[in-house]
Amino acid sequence: MSELIDDFDRRIKYVRISVTDRCDFRCVYCMSEEMTFLPRDQVLSIEEISMVARAFTELGVEKIRLTGGEPLVRRNIDELVNNIGSLEGLRDFTMTTNGAQLRRYASSLRQSGMQRLNISLDSLKPERFKELTRTGNLEKVIDGIRAAKEAGFERIKLNAVILKGRNDDEILDLVEFARDESIDISFIEEMPLGDVSEHSREETFCSSDEVRATIEARYPLLDSPESSGGPSRYCRMADSDSRIGFISPHSHNFCDSCNRVRVTCEGRLLLCLGNEHSTDLREVIRANPGEIEPLKQRIRESMSLKPHRHHFTTDGDVQIVRFMNMTGG
Ligand code: SAM
Ligand code: SF4
């Protein structure tokens, strides 16, 4: 039973932990071309992240997702996954990755108890993939997806951010790829996180409704009741096991059932992706080495900081200056 209940009676069952701000890609909607990353001593160590994960599970959290930056560029990531995979009370353990290192890591992640993977894929055209990720290699990511399938993950889901004029002509190709591979796919609306100057977000914004209309022209979609307590809605097609998700962070509809919080790679606990309300867990961990109780106490106290709802806009105003790689997707 979760001990973490906020002032609006929402039970926190899900934590996303960013394990690094670094990445081997520079996706145009996530990072600028030149990035300065945090000095290593400001980032939580593998032991500190393991302790944060343990504290949350002891407080009733059942689901942990590792993200970043790119979690698979973090040194000793397999040790961290192993530590978290053995925590009691954890029912759902997942990672969001760009997939480029999965050939190397997929089977050890699976063996350490990770059940599901989200793999980002915005284009099936090699040159366009390179343009959108700036440094990525499509072939490696496709091979990573195959490695994840071979490793026997319970579910694999692709994440695609759709930008008008950049990859919106590939919506159906991405759906067909997911169908052929018998995996799921979610389409994500671009969020105004970080001041990326490569494109105007106002011009490239493509709503979930537009993506859905494109898919429905070929495959009628049946709404599915599955919900993650987050901004995702799921649909099914009559002739396939693949699920199609739509992630609309701009929608406020999910705030009432929000069951999640995030921890940045610096150990800042963010109570809401769209607000700055936060508390510093690193300070507590480093002031009380090896002691879990002070950390649990700080997490309990932070519940009163969770705001009722977020306030994203699409009018080009960057309200939240953090880059996505700092907060984790
Ligand atoms: N590096 C991993 C990856 O790309 O999957 C994990 C971290 S990444 C920040 C997590 C997810 O956030 C990815 O699916 C990415 O496409 C998405 N993302 C990044 N910046 C975004 C933005 N500004 N708006 C919407 N989604 C974004
Ligand atoms: Fe890296 Fe993921 Fe951001 Fe792309 S979306 S730059 S892969 S952290």
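In case you wondered, yes, glycine gets a Cβ from its N, Cα and C as well.
What TrEMBL lists as GTP binding site is Arg16, Arg65, Thr96, Lys157, Arg260, Val261, Arg262. For Arg262 (GTP binding site), the number of other Cβ atoms no farther than 10 Å from its own Cβ, over all displayed protein chains, is 22. Look at Arg262 (GTP binding site): DSSP puts it in a strand.
In this structure, Cys27 ([4Fe-4S] cluster 1 binding site) belongs to neither helix nor strand by DSSP; it is coil. In sequence order, Asn98, Ser120, Asp122, Leu132, Thr133, Arg134, Gly136, Val161 are the residues near Cys27 ([4Fe-4S] cluster 1 binding site), counting only same-chain partners six or more apart with C-beta under 8 A. Marked as [4Fe-4S] cluster 1 binding site by TrEMBL: Cys23, Cys27, Cys30.
In this structure, Met191 (S-adenosyl-L-methionine binding site) belongs to neither helix nor strand by DSSP; it is coil. Neighbour density for Met191 (S-adenosyl-L-methionine binding site): within 10 A of its CB lie 24 other CB atoms from the protein chains shown. For Tyr29, Gly69, Ser120, Met191, the entry in TrEMBL reads S-adenosyl-L-methionine binding site.
According to TrEMBL, the feature [4Fe-4S] cluster 2 binding site maps to Cys255, Cys258, Cys272. Here the Cβ of Cys258 ([4Fe-4S] cluster 2 binding site) has 23 other Cβ atoms within 10 Å, regardless of which shown protein chain they belong to.
The domain 'Radical SAM core' annotation in TrEMBL covers 7-226.
Inclusion criterion for the binding-site residues Cys23, Cys30, Gly69, Met191: a C-alpha placed within 10 angstroms of the C-alpha of Arg260 (GTP binding site); this criterion is met by none of them. Among the binding-site residues Arg16, Cys30, Thr96, Ser120, Met191, the ones whose Cβ sits under 6 Å from an atom of ligand 1 are, in sequence order, Cys30, Thr96, Ser120, Met191.
Of the residues the record lists as binding GTP, namely Arg16, Arg65, Thr96, Lys157, Arg260, Val261, Arg262, the two whose Cα atoms sit farthest apart are 21 Å from each other. With a cut-off of 6 Å between Cβ and the nearest atom of ligand 2, the binding-site residues Cys23, Cys27, Cys30, Gly69, Cys258, Val261 reduce to Cys23, Cys27, Cys30, Gly69. Counted within 10 Å of its Cβ, the other Cβ atoms near Arg260 (GTP binding site) come to 22, all protein chains included. The binding residues for S-adenosyl-L-methionine are recorded as Tyr29, Gly69, Ser120, Met191; their greatest pairwise CA distance is 16 Å.
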